[in-house]
Each structure stands twice: as C-alpha cells, then as structure tokens.
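Colleague: Please find one structure pasted underneath; my questions will follow.
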C-alpha cells in the first residue's frame, strides 16, 4: 500500500511537470508570463490566508494584544474582502484586467509592510484591511484573466494550476510560520508581488475585454501574441467578435447595469456560480483556515506538526486536481472533493466528541490530524479552484463584472459569518459545529450532482451561450 502511494505521488509530480511543459510548449512567451503573473497573484493570496494561524501567539505577545484585538485582526480581512468584492467587477470592466492586477499588487505590498512595521494595533489592522481589499478584487480577477487568454484545451489546467499556487502559498506560510518571526514573515509575503510588477509591462490585455470596449482591431494581434505568429487565430477572433457583438445587441434590448444580472435568462448561471463559491465557506473553510491551530490544540495535536502535515497534503491534493481537471472534468472533481470534505468534517466532529467524552484518548489526536488533512486535501483537489474556474467561464462579457462582484460578495459575507460565529459555535458544541458544516457539504454534493453541468472542452462563447440563451419569458426574477 505504501509503495502504491509513493508511485501515485511520483506520478502526480511527473504529471504536473509534464503539464507545465505542455503549457510552455503550446504557448508563447506572453502567455507564459501572464500565467506566471496569475500564479504569483494566487500565491500571494495564499500567503495572506495562511499568515494569521501560525503567527497568532507571536503577534499577541510582541504587541501585547488581547484576544479581542487579535480577533479583530483576523476578521478585518473579511471586511476588506467585502469591500474588494463590491468594486472588483466594475474596476476590472472599467480599467481592464492588467491595470487591475497592478492595483491589487500595490495594495498587497503596502499591506504587508504595514503589518511588518506595525507598532500598534491600528497599523496592523490597516495592513490586513488593505490585504483583504486586494484579495476581494483578485479572487475573481485571476481566474477570469487566465480563462480569457488560455486556449480551450489548456483552459482548465492552466486556471487550476495557477490557482493551485494559492494552496501552495497557504502551505508555505503554515510551514514558515513555525520557524520565522511574524515581522520577517510579513516581509517575505511582499516578495511575490514585488516580483510580479516588472512582468506586468510585458503581458497582454484580455482579448475579450478588448472586444467588449470596442478595440476590435487589437483582438487578433493579442491572440497572435498568445498563440504564436504561425497559429491561425482567425476562427477564434471571429468567434470572440461575433459573440461580443451579439452581447452588445442584447444590451440594447435588455439594458445595462448591475441589475441586468437578475434577468431570468441569467438565473441558472447566477445560481450555479453563487452556490459553488459559497459552499466551501459555509462548509467551514474559514474555520479550518483561521483556527487550525486551535483545532489541533483542542484535540491534543502538536500544532507545528499539524501545520506541516496539512500543508503537504493540501499541495498534493491541488497537484492531483490540476492534472485531472481537463481529463475527468470539472463536475467529477467537484463531487469527489465534496465527498472528501464531508468525510473530513465528519471525522473532525467525531474526534471532538471522543475528546469531550474521554473516549479513545490515545487515538483522538491521530483522528483529528487525519480529519483536517482529509478536509484540506479534498478541498485542494477540487473545491479550492474549480468553483472560481466555472464562475469565470459561465458569464457573458456584459455581465461578467456584475457576476464577479456578486460571487465575490457572497463568498466574503459567507466567510465573515462563519469566521465570526465559529468561536461562539465551539462554545455551544464543538461536535455540533462540525456536524453542521458536514451537513452543508452534503447538501452541496447533492446540488452539484443534480444541477452543475460539465464545461470541459468547450469554448467560453459556447459555454456562455449554453447558460444564457433566453427563455420565452425574458423578464427579471424580481
């Protein structure tokens, strides 16, 4: 059994390497640079998420913070997420994908340095707020940019691989946080964004955004730079321009603005996107991410060993998901991921139940560790990346900004509600809390099985036509 595991791990690493090679061979320098930018943005995202758990004791001791002060530091990130979510759609539609990437990376750097040089709680919280705003913008921007520039045969793998670096960032900071002081860790966190900024001068704008804002003459040139000068992009350019023109004609009929998203013809795609984005948060992701140390300590596990083990498993799950996303498809991976998260959450509930009732005290820490590893490994294999990929695929360009705002807002509010209520829920019942999360995950499995279609192998225009063809009664749902 151990040999099979080693073979599987070796196969996953070689498959991931071959996938990177395929991307580099099948694409041009501008696409590879754009992919690196997207990956670094996701890595920076992960570093921010993974920062608070291993640094809690150090920050509280050095700055003499109370539990309430540190709780504000943890939760204000979600406030920033909500603010970023409110502006992400309009901002990316107004100034374009690349200029918005500039803005998010500048905010990342300012946020990290504010934390690194904080002498009191106000600068600490300000830095975390700015980071939250950046994440709120980039959480949707990153997948959208990659899916809009990638060829259809690599779209899922490229998007998933880029988003995998968010898991890598979390894992790296979980591990580094056990040996690096919190101020030095904050300075290290700024490095990915500082590395990305020079590359932004050399990456192309999204051809679909160019078509949307009336710069049709640049679409073919950008596609040639992304696919190669010898590649025939005529059909792809024509499909983008024709579909964009169709969308503009529909705008003249249906109108413009945020509330256009709530027309009946977008009800299915809006439901799919919002539910998929909210499921991980309502299934306890924020609780696991922000309070992993507390979960380990409560069940008798060494937090340092737990952080490192969880990091390795999440990275392995993410690599496996990236390799399989364009092979098995989005829907299958989502179902497998949900099933694994359900089992992990259920096992966490059982470990708390055993701990509270003083049963199997020698085995409870092991069960707790395994449950968290199963949860994060399963999350990394599907639910960590695929909901954002699907959300970036299914919305037409005229409502993509509004849809991004809505999906991001729902994710942020869900995260805030769970993160804020988690401590109170634990005081009520640790076992009951994780049983609630497991129930939500189980309902999510049924939702995916019944309603979520497969998008593998289709162009963005084909997917969006499938989701938004108007029904006979094209009225709004409100």
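Placed from the backbone N, Cα and C atoms, the Cβ positions cover glycine too.
The following feature annotations were taken from TrEMBL:
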DOMAIN    34-456  domain 'Major facilitator superfamily (MFS) profile'
TRANSMEM  31-51  transmembrane segment
TRANSMEM  71-89  transmembrane segment
TRANSMEM  101-123  transmembrane segment
TRANSMEM  129-146  transmembrane segment
TRANSMEM  158-176  transmembrane segment
TRANSMEM  182-203  transmembrane segment
TRANSMEM  266-285  transmembrane segment
TRANSMEM  305-325  transmembrane segment
TRANSMEM  332-354  transmembrane segment
TRANSMEM  366-390  transmembrane segment
TRANSMEM  402-422  transmembrane segment
TRANSMEM  434-452  transmembrane segment
Colleague: Applying the under-8 angstroms CB criterion, which one of 31-51, 71-89, 366-390, 402-422 scores highest with the transmembrane segment (332-354)?
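Modeller: The stretch with the most close Cβ contacts to the transmembrane segment (332-354) is 366-390.
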Colleague: Under 8 angstroms for C-beta pairs, at least 3 of them, ignoring pairs fewer than 6 apart in sequence. Is the transmembrane segment (182-203) in contact with the transmembrane segment (101-123) by that rule?
Modeller: yes
Colleague: Given the transmembrane segment (129-146), which of the listed stretches 31-51, 158-176, 434-452 has the most Cβ pairs that are under 8 Å apart from it?
Modeller: 31-51
Colleague: Can you tell me which of 31-51, 158-176, 305-325, 402-422 gets the most C-beta pairs within less than 8 Å of the transmembrane segment (366-390)?
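Modeller: If we count Cβ pairs closer than 8 Å to the transmembrane segment (366-390), 305-325 scores highest.
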Colleague: The domain 'Major facilitator superfamily (MFS) profile' (34-456): mean pLDDT?
Modeller: 84
